[in-house]
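Asks: First the structure, then my questions, so here it is.
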Amino acid sequence: MCLALIDRLDHNVKFVFLFTLSYWSASSIISQQVLAGYIYVLTGSNTSVGIVKGIQGLAQLMVALPAGFAADFLRRDRILAFAGAVGVLTSLLSGFAFQVESLSLIYVSFGLWGAFTALQSPAMEALFADSVPLGQRSLPFTMKHILLNLALVIGPLCAIVLFYHYGDTWDLPALRPVMLFGTFLAAISMAALFQFNDDMAYENQQHLLAIERELNSIERNFSVEISECMPEELEEENNLLLRRESSGRLQPLSFTFSPIQSGPLSEVSQLLRSPGTLSTRSPSAMYLTNHSTGVEVLDELLFDEALEFARPAPSCCGFNVAHVPSILFISDFIISNGAGMSIHFFPLFFYKEFGLTPIQVASLFALMPICVAMCSLVAQLVSRWMGRMTVIVGTRLTGTLCLVVMAFSTSLSVQCALFLLRGAMVHCTVPLRRSLLMDFVPKKQRARWNSLEGLSMFSWAGSAFLGGFLVEAHGYRVCFAVSSLVYLVGVLLESILIPITTFAVETHTRGGSPRQRSRAVSKALSVQ
């Protein structure tokens, strides 16, 4: 049954899932809790941890926007193949840097990891969205997010096994083999990036199919209408011409068409005879028109096109649906600043303040993705009747409160529980947010908007640089308190989107025509 389900998946979706599982298993080793311990033991400074992540974020910032535009104007599968080559090179360089214990090479390798992420992430996310129908994206995005969190469990579990073999201590002989294993796994995961194919994406296949059927429909209607426009006089003269040709007495004839009253034009012919109509209509609108003629059409309708069916559109505080992508980006940018200040220092916080060993810290990080995956499923189900944005704001606000309590609690058990709950609440709605963004962004701009995550990544890594200095000067708890304030600002901005995105209700089956879906959207809008 599981194999049958996998076979039904889109070609690109399969390889997105495969890459997510393999790459993030490696990334959870070389970029998270083990990296922080390795850098701290190598340099004896929290600041160096922040510098490594800052370089990674700066490199991603520099490459993100060019890579996003390239993925929108070039084939996305080629961008991913190029990213795969960069990833293999970076994996080898990282392994060498960890082996020789060179901080300079670690800086260079993590700069390349930032460039790799900027190349890979927007192209893959856009191609993934292209491969899933609109109105059905939150479930596949949730499945992808669950696989990511499964990978974040596999990575720490592998680290636990290696620590058990090489020693459960915070020293380089125990940490180095774990980092080398992570770089090897990262290199293997790059093979999936060479398997993507733009031509096999769902939207691209449906687009070509709709064009082919559009042309066939036009040809059929054109033939019918030409036959209807043939007057009887023309037919008689035609017959006379044929008789004269057969008798050898061919004489020139003059043909005149007398005006006749033909039947009503077909909808396609009206479309063709209307000046400028075909070129000005959006693809979705053209497919909707064709659906009334009985032609199977593209099963796609962007929400921003559906908004034209009803007025006025919902708004809040002067913002409307046109501002949804921008507000999602700005709020995520702010929240990323808060997260970056604290998230990289959780392993060192548990090590320095509570004396946890590498295996104990890895166990905590292995448990957190399980909590995130479970909460992601619950959040996806709850969002069906509460709305995606309501769930996003509620969970992130809960995560912010957890971080506030962590800044003051002195109990290890309470700290561990809050750490797991904070991670689950903050990350469980990532697929909901991503699916919402893809629904409000045109297909040709998806990679561009995904590339803006490079800015968020830069702020995330750049604030880690600031967090390192803050920890050195005032300690971990002050850093957590400041982070929670930044979180709160971003969550309050996101709350503006709750009334604006209420109409963005997903469909969970492929039943129903695009016209029916647009009417459902219009009905929801009219309620506002």
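Glycine is no exception: its Cβ is also placed from the backbone N, Cα and C atoms.
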Asks: When you get a sec, could you say which of 408-429, 452-473 is annotated transmembrane segment by TrEMBL?
Replies: 452-473
Asks: How about the transmembrane segment (146-166) and the transmembrane segment (362-382): do they have 3 or more C-beta pairs under 8 A, pairs 6 or more apart in sequence?
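Replies: Counting Cβ pairs under 8 Å (6 or more apart in sequence), the transmembrane segment (146-166) reaches the transmembrane segment (362-382), since there are 3 or more.
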Asks: Does the transmembrane segment (485-505) reach the transmembrane segment (327-350) with at least 3 CB pairs under 8 A, where each pair is 6 or more residues apart?
Replies: yes
Asks: So what's near the transmembrane segment (362-382) in sequence-distant terms, Cβ-Cβ under 8 Å and 6+ beyond its ends?
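Replies: Answer is 28, 32-34, 138-139, 142, 145-146, 148-153, 156-157, 159-160, 163, 347, 350, 356, 391, 395, 416, 419-421, 423-425, 427-432.
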Asks: Which of 15-41, 47-67, 178-196, 327-350 shares the most C-beta pairs under 8 angstroms with the transmembrane segment (79-98)?
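Replies: That would be 178-196.
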